Amino acid sequence: MVHRAVCPGSFDPITMGHVDIFRRAAQQFDEMVVLVTGNPNKPSGLFSISERVELAEKAVADLPNVTVDWWGGLLVDYTTKHDIGVIVKGLRSALDYEYEVPMAQMNRSLSGVDTMFFMTNPKYGHVSSTLCKEVIKYGGDIHDVLPPDVEEAIQKKLSG
Ligand code: PNS
């Protein structure tokens, strides 16, 4: 039996905090999908869905059992369709916990899929896509918590 997991998120854009979770979680499963969620026909956020996928693909290129996909519907429909047994999420703090618990319980009640949580590496405990965009907007240097290419991609977007 193949043990598959999915790591869903908006990833607008991906950070090293995400990549650290993917790297650690990927060791526990045969295959893992990083799933960019959102509707390509209703753009929201800084990057389009395809741009987010492209940045994520570059960031996980060295992880052989990790692929990147996108999905515009219910997460549980994706997990059922692809025979994925586990949703993986990262937890930075109690705030994340409060946000994640109802989603984990809703997903489990909808389809039986379980959610596993990985504690964020303390090195990235303060990192979020939103804060990274804000810091770069005002000229801060944050390249050490972003995968290569992402800082430049944010700068280009914000200036263009
Ligand atoms: O990175 P985010 O925005 O915290 O991720 C939240 C996400 C994308 C995982 C959540 O909104 C989600 O699962 N969206 C897909 C639609 C869905 O299934 N919604 C019901 C969740 S209980």
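Here the Cβ of each residue, glycine as well, is placed from N, Cα and C on the backbone.
Record check: TrEMBL places Ser10, Phe11, Gly90, Leu91, Arg92, Glu100, Tyr124, Gly125, His126, Val127, Ser128, Ser129, Thr130 at the ATP site, and the matching candidate among His3, His18 is His18. A Cβ distance below 6 Å to any atom of ligand 1 is met, among the binding-site residues Ser10, His18, Leu75, Leu91, Ser129, by Ser10, Leu75.
Closest to Leu91 (ATP binding site) by Cα-Cα distance, out of the binding-site residues Ser10, Lys42, Leu75, is Ser10. When DSSP labels each residue, the domain 'Cytidyltransferase-like' (6-134) comes out as 56 helix, 29 strand, 44 coil, counted as helix, strand and coil in that order.
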